[in-house]
Structure formats: structure tokens, C-alpha cells
């Protein structure tokens, strides 16, 4: 009876049918491989003997069992299979033989082999049947010219059970020549067909889903609650979840699922990176600088997958650096898995990364970067080590597992002084790029590094400051120094990380520039050819002339002008402008100017180039005694031009749209997920009152529709780049926003951003102007209604988002890697990205502002660097410039960010691995980017982006600051020099005095302040800063800065002395 541990149904023969189509296809592939590689892989064998051992509850991976699963779809325990060129012998029980009888016809058709059954009764030891089989083998071998047959068997599989021991005894005592055929089966199983890859992908989806939706949240909860849970308990809970996919809403049948090995949880300094490691009974250790390793593997229809992640708790510099290097090395291995490469090239890629970035960790690197995986967890002959020269092929599957073992973490804690790191993913080699089928479980630093001690550090710092007495100046300096030292250590860590990012960024930019990623291209939409503008096809189509006056033919979009006694037609698109004037005699003049090819803004097209020597009419003027008629003519021409221009513009926009797939309605497959009463942005066109609509999630996309049949918007899942859900907290709306890869038309507007929202509260203006009491029952009731409405709306949106996330998690959509992202309000800051100040919020993958229009969506993956401008002492706000990897794209500026947000923004940029620079002035980025694209080699030779490094330039200029302060030019020369500098630098930088914080400060700056007011403000500022011993020169300098450049006295027009750099 067929059996398998936690696998396919093991009932009677009638419960399972062999897939004969698969059997025929794979048997043909088996015999073809045996024939093609008979000498080098199959040992020149005449017959192949494969025997499966008795059923067992133990986890084991055998080539004999793998052949059963691959060929027959089920494991047949205690069954002997003997393959020859003309016959296939099965020695098994009666029940198994009855199930295998169906193979006779397809085997004969596929390879011309006769299937012979040898039924073994329970009391028989099977030796007589074996002799019968071997006599048939010997007879066939003699017919082929071989006196002694060469028998192939799997030498590494030890015989289990009486039947297999008897078979082994027969083989060893016979006169047959024996050969090991392990390598043949390794080659046979290495490349998976489409059905096998589907099983691998389903298993990988289960594995990574358990890691993401069960293991990670459970470990986080244990740490948050500070509970003691043993590794073995975590192992058992995870194994139950793997065997019951419904617990994490994975729709796979539990009977098809099994584990590859018991899940592994390790922490507390004891680590074993081998797959056969076990989870001990020690409690999960999550104190500062601890490391937690989690590894799980699942099988679907016996096909294995694996994923392993390392989690860092308050990591120190060594651990952080080691993980970042391991992550890059792991990605390098995956990138090297290309068809045609050798297996050793993958491990060499990891070695190169470690040797380049952290040679001190080279001795801790694992000796292999993984193995092939499939029906066996470790496929022999497919190890990714330095010695394996096996050529990779599309369809191979690898468990890419790389780690650092026993790293010295340089801590004083015995449980954290040594640590190990491990990363593992299941990867399918394809013709294009490797497919990481476990990628939904993130391994990015921001997702695996946890920090839990920030609040405690802040409390300790506050306690230190409060403890000191207040009566001496020395005390203030102590408190300040203690705080500064803590800040400096944090800043030092950030500076080191930024220096590493700068090196990586310059290398990445150099590779991209060297790869001709900046190839020139013109993305402008081609203008309409003049030959396409046809008002009338022939003279007979002209309308009959009533009078020799200007006539407008709206139907044919033409203007008929009286010229030399005839009506001459012109298409309205050929008219550049039209105007009318009236003189003192009430005579009106109508002037019509045409688009003339060859002039600026009117280049030649393909049609006009044929007639370059022709004479073109530039303008006409007509005189009229009827002012009313002339004004009506001009207005009609303008209206017609506007209509035609609008239509052509819309047509041109639609011409650039990418053709999208057709929406597949849910129909009978599942009930569409629906959200009602939504508004859409951009709004749909059309006349009459605007209406709300409903959003439905179907098989491959969303559909938004109103009660009007012509108002409909389809958004394909494959076109969604980012999806956001932002519940109303301090805003007036709850929204869902989709940022798309390609433009679509919403009404008459071409857009990449589509938003659906609901207003959670009404904007109410009290006409009386009086204030209502806070205890007014009506006011309280109204606020309560608004709160309930907001909570209800947020809940409806959240339920819709959760259901769509589950839909996107299905295997057929998993490759899109879509998931709703939610803005992190605690990291938000105010800034001006368009015209007005808005609250800009980071998400895990973007920087967004979704409430005010136009919206802002910047993908972090598209950012090259960030430059923080106008950063300096005394500044109330600063600007952020985002430079994209596509240097043809304009930079994105976010202005007037409060200086109080500077540290938070720097910390966020550093955490997300974005390189940032600081500068004291605004830079003109267009010429800078043009210089880079014109001469990228010089840009790289000059240090790449390091020209923005303000710290480097400060260190070079420290020695000259004192001499700069002593230099005081004369009035005349200083005025002329400053004027020249202002003129020269006007196109490169913007003066920080030109941008004030708000309109009130602008008005005060225009009015100016008296010297007494400025003196009083300066004195108050000195008292607040505890610095009343400033020199006269310092006070004058502050006075000049507050007074403003526009009102500076003549004697002070020279440059003010520089402020000493604070150490």
C-alpha cells in the first residue's frame, strides 16, 4: 500500500490514481538521460536497480523515494524496481501491483519497455523472485553482447528491512559488475519541469508566509511582553502552523503539506548553522546585542523549500556591519545564479563581497552558499561551494544559505560575545533573472533590526541632568557635556554608517554610469504632421459663399477668409493667434497670425520639409465697420481653437498610454470585495452633480464605477507600483491611494496617481461668529457623531484593505509583491513640496503626502542621494533636495522644513540606508546634473558625490577662518566685491535671506525694525542662551544679521566676520 509521512493520501489502491501523462513524459526523460549520459553519469550500466525501504515516521531523504515521487507521484515502500532497455520489473505486494498494472501500456508507448510484475506474498522472502529478475537481466545482457551484466544501484543507501537486505546480499554475492548511479539521478532531478516548479512555489509561499505572519509577530510579541518562552516551544508552535496552513490563511490542503525539518530557533550565544540543528529548551534570549536565528522549511507534494532569517536586538557596530555584509553577499550569490554559470561562481561572488567589505569576517564565512533543493532537501552534486564546476541550468532550484559562524561581537555579556548570522532563501533559476520565491519575508536591515532601549536611555539622560544642582556654571557644563557625549556617540554611529553608504553609493553610481544607463532619448510626444490637418477634401465640399466676410465653419474646424474675391479655407489649427483693435473712427481691424514652419517653436515637420523654399503666409489683417461682428468673429475663432487644442491634447495623451490587460470580473470565482460611497481623485469629468461610486476588487484589478455607465476607472494589479492606506487621524479624509507604473486616463486626465477617499467630517463655519460652550449638549453630541463616523469609516477601509491583502497573497498574484503600505505618522514632518505647507510622512518604501493636491509619492528605491540645504546655526528651517537615480529627471525639492525636524529626518534617512549630505546654501541642480551626465568619468574621478560633503570642506577651511575674521575691506571695495559676488552667484545658489518662514516675517522684514528693538531682542537672546559675555563685535554681527541685507548701513556692506565653528 502506498504510504508517505504526512503526505498524499495513503488509503487503498482505489483512492489514488497514477498520473499517466506525467509518468510517460518523465519515463521518456529518464531513459533519454540514461542513454545520453550512460558512460559519464550512469556507469555504463545495462540495468538499474532501485529499492525503497519500509515506511517510517522519521524524516529522511532518499533517492529511491525521490524516484518514486518523481515518476509515480507517490512513494511505494518495500518495492524493488529494475529498469532495462526492454523491460521494467516491479517486485512488490499484490495491492501495489494492482495499482501499478496501469503502467504497462504507457511504458510500452513511451520507451518500448514491457512492464513485468512480480507479486510477493507476505510469507515469502522474495529471493526466488529476485533470481527470476536477474536471470532476465543476464539473458538480455547476453543478447546485447555482454557476458557479465553491469548493474547500477544507489550505493549510499543502506538496506533497511528483510527484503532490501536480501537484495543487497544477492547483488554482493553475484558475479555482476556493480556501479553507483547516484550522479545519474542527481542530474535527472536537477532541472524541474513546470509542474514541479509549481509545487516548489506553493511550498515556498507557505514557508515564507509562516515566517512573516506567524514567526516574526510571535517573536516580537514575546519580546514586547518580556515573556520567557523556550526555543523548543517555539519550534512546536511553528511546526503546528506549518502543518495547518489555514491558521495563517494560506489556502493549501493540509494533507499535501509536511515539514522539511523541525523548525530551528537559536539565541543566547549557542548557534549551529546546519539544517540538522535542533531547538534546545533554553528560553529565547533577547537582551541588548542579542541575536535570534529562525529557520523553517516546508514541503508541498514532497517538494522542499527553506527560509532562514536573523534578527538583531539593539545591535552594536560589529553585528550591524556583519549583517549588512552578509546581506550583500547573499544577494551576490543569488545574482550569480544564471544559466551557463558554474556553481562555484555563486560562492566566489559571496567571497568577493566579504573580501572587499569586511575581510576580518572571511574566516567566519560558511564553506558553502547552499545546495540544490527539490524532492530532496540537499540534492547531491549541486552544492554551491568553491570546488563545484557543475554548470547551472534554467529550472534548477537552490536553497541559498549563507552565514557567519562564531563572530566576536565585542560585548561583555557571555551570551552575546559570540554570535552567528544566517540567511537562507529558495531561488529558482530562470532564463532572465533568478526568482526568489521566498522573498515576501523581508531580510532588509530595517525589518530585522530591533531597538528597544531608546526610552530607557532617554530616561537615564533626563535623570542625570535633574540630579545636578543649579547654582554653579560648572554644573551646567557637566550636564551639557554628559548629554553631548551621548549625542556624539549616536552621531558618530550615524556618521560611520553614512561614510559606508557614501562609498557604496559612489560605486553603484559608477557602475550605472559606466553601463550607459544615461542614454539620451527624447520622450516628447511627436507633434501632429501638417498633412494631417484637412478641413475639406475637395473644392466641392466648401460651403456656399453668401458674402465676402470671414466665415467660421465649426463642423469642419475651418476658417474661410475672403482673399482676392474668393473664400479661402484654413484649418483652425494653423492659426497661431487672432486679435481685434478699434481706432478712433470706429473702424475695427482683425489680425490673424498663422503658424509658420521653420520659426522658433514651430519646427518643420515631414510634410513642410518638402517645401522649404516655398513662401508661407504669416498673417492677414481685415478691416470692418461693424465692431460687434468683428468681436464675435474673434471670439468664435478663439473658442474653436480652444476646443480643437483640447481634443488634440487629450488624443496625444491617450496615444502615449501603455495598453493594459483586460479586467477579469470575479463572476463565479469569488464574491468581489466591495467598498461603497467613495470619491475619486482626480475627479471624473462630465456635467451635472458629481456622484460617489463603489470600488470593487476583481481577479486581476480594481474597478471604480458610479451609477452613470460612462464613469468607470479600471486599475490593474500589475500596474500598481505602490498602494497606500491612510486612516483619518488629524485629517478630514480616510483614503486609499494607488501609485502606478504607467499612466491611465481618469476621465479626461492622464495620471499615475489615483486616490479613493471618504470625508469623515464636514467643514462647518459658524455664521454668528460666537463661540459655543464646551459643555453645550448639541456640541458634545455632534463631536460624538463625528468620532463614530470616523471610526466606522476607518474600520470599513481597514476591512477592505485586509481582504485585498489576502487576495494579493494568493499564489497567482504573489509574484506582484503587492501590499498596502501605511504612513508612519510619528516620522512625519511639515514641508512645502508644491506651494503650501503640508504634512509629509514616510512609509516603509516611500515618502508621501496624500491629503493635499497635488500629492507627493517618492519611491525610496529610486533615490540616489538626499541633500539637506540651508542647514546651519540660527536657521529656523531648511530644505530637502531629492536627487533621483535617473539623472534626466528633475530633482524634487521640499522647502521650509522646521529645523526641529532635522535630527529625526537624518535618523530616518540613515535607517533606510539613504545617503544624505548637508549644505549651507541651496544648489542649482540642473547644471550639476548636466555636468555629471556630460562627463561621468570626471565625476567619478573627482570623488563622486563627495563634493557635497560639508564636513570635508570644513576641515580644509578651519585654518583660514581666523585670518578671514581679521580681514576688514574698505567701504568701496567691499561694496563692489559683494555686488559682483551677488551677480555671479545668483544663478548657482539662492540666498538664505530670500526665503523666510512665513508671511508675517516677510512683512516685518519689509517694514524693518528700529535699532532699539533689535538691541533689546539681541539682549534677550543672550540671556536665554546664558552667554552675556559676548564681545562688541559679536553683538554687532548679530545685529547686522537680524537687521537684514536690504537695510544694512553703508559702512557695514562688507562681509561679516565668520562665526567660529563650535566644537
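Positions of Cβ are set from backbone N, Cα and C atoms, glycine also.
Feature coiled coil, per TrEMBL, maps to range 476-507 of the set 444-475, 476-507, 508-539, 540-571. In TrEMBL, the feature region 'Disordered' is placed on 772-794, out of the ranges 726-748, 749-771, 772-794.
For the coiled coil (476-507), the model's pLDDT averages out at 63. Note on the compositional bias 'Basic and acidic residues' (784-793): DSSP counts are 10 helix, 0 strand, 0 coil.
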